[in-house]
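Asker: Starting off with a structure, shown below.
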């Protein structure tokens, strides 16, 4: 019978940890009660007046009685601080705790990844993301060729200002120029094998930005010509179509247009707000942030995504449970990389360019992290694109008689098109995952705005960012590996 009694041995580590935590909590509770009663040991040693409910007043001379009302009343009507009815809003300590926990949890994930897979960062692989052949730079050549389209837009606007071109002819030239801006790099990326996915995305992103800038350039100059036609025409006789024959204004110059192309904005103005001087300290801080964050971004990208590429080699025919597990494992690193990219691009890089060019408008983002609706997030996380959409797309549709719902849907449709354009073309596969993800924002925005409010809406926005993006990333990674690796392995003669 005694042989069946187990040897207690060393108590489990978990029991010891729980015992120490409970002991620490009890110690803190007793300490708080004692300090609240005595008013603190430092004050007791200094001989200051101390109060304790129901005991009296302690002074150097001795005890003195306390009025009966003070002795009997020690409570009042009040809510707990964490209750919403308390009106308490100072959660800075909890925010700091969240930051500390975020750093520690990601540090643990990074260390676990490092111990399990080793250092996966290879400088040669970083270069290979942009170049397949060190003697062939197709993406850089595409960016250089974009100057041709800038000069075409400038030449057209000069001719329109002088009255040489009619408005219809100028509009036709602009439409052709803008269409070629989108089609030319797409065809080049699809037809030139030496263009890497990252290099293609960089070139297409540059051309997309140029497309939006030149579209704004066209619209603003047209608005200026229309205002001039409303005013007195001056001594110059009008042409047959009503245009005023004058020499082109000073804003239609190389320096003005290339300043706009280089400035961190998508909306053209005749006179941009300018800062008085370049702050070298601010400029150097942004430069160091750009370099450090870029290196850290590439390091985390290779260290985290390399293992997913390795796992995809074994999990091409995943079941739903495995896909969900892979999605959740990808969610945190993907979201962390997205946050780093946001700070690197919208804060460090754009502020660096703005300071270098003395560009005065530095509102590149607003407090999107406080978004209580999906609509508020899309209106505040990318201010340059939001301003362009409102100025050149949304309001013109409203002026033409379109409803608000139709105009908002058109804006999301255009955004979905460019998201798919920037993802599918560099990967050379068309799956429409990015397009459907953007269009899914419409019903999501309606649902969150209709049924969720306050903190619940903010949590829904964060959940869509943390889970929504990895779904599209996982789909593209899976399809890209199937197309570019399994098909090549199944057909050795194609290599």
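Every residue, even glycine, has its Cβ placed from backbone N, Cα and C.
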Asker: From 406-423, 460-477, which range did TrEMBL mark with transmembrane segment?
Answerer: 460-477
Asker: If you check TrEMBL, which stretch out of 135-157, 227-249, 250-272 is marked transmembrane segment?
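Answerer: Within the set 135-157, 227-249, 250-272, TrEMBL attaches transmembrane segment to 135-157.
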Asker: Quick test of your reading of TrEMBL: among 287-306, 307-326, 327-346, where does it put transmembrane segment?
Answerer: 327-346
Asker: Write down the single range among 50-71, 72-93, 94-115 that appears in TrEMBL as transmembrane segment.
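Answerer: Checking TrEMBL against the ranges 50-71, 72-93, 94-115, the transmembrane segment one is 94-115.
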Asker: Taking the Cβ of residue 419 (active site) as the reference point, list residues of the same chain whose Cβ is under 8 angstroms away and which are at least six residues distant in sequence.
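Answerer: Set apart from residue 419 (active site) by at least 6 residues yet with Cβ under 8 Å, we have 434, 435, 437, 438.
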Asker: Between the stretches 94-115, 169-192, 430-448, 460-477, which one has more Cβ pairs under 8 Å with the transmembrane segment (327-346) than any other?
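Answerer: It is 460-477 that shares the most Cβ pairs under 8 Å with the transmembrane segment (327-346).
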Asker: May I ask for the residues of the chain that lie six or more residues beyond the transmembrane segment (430-448) and have a Cβ under 8 Å from a Cβ within it?
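Answerer: Those are 373-375, 378, 408-409, 412-413, 415-417, 419-420, 422-424, 457, 460-461, 464, 468, 471-472, 475-476, 479, in sequence order.
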Asker: Grab the same-chain neighbours of the transmembrane segment (460-477) for me: Cβ-Cβ under 8 Å, and only residues 6 or more beyond its ends, written as numbers and ranges.
Answerer: 308-309, 312, 323, 326-327, 330-332, 334-335, 338, 371-374, 377, 423, 427, 431, 433-434, 437, 444, 448, 452
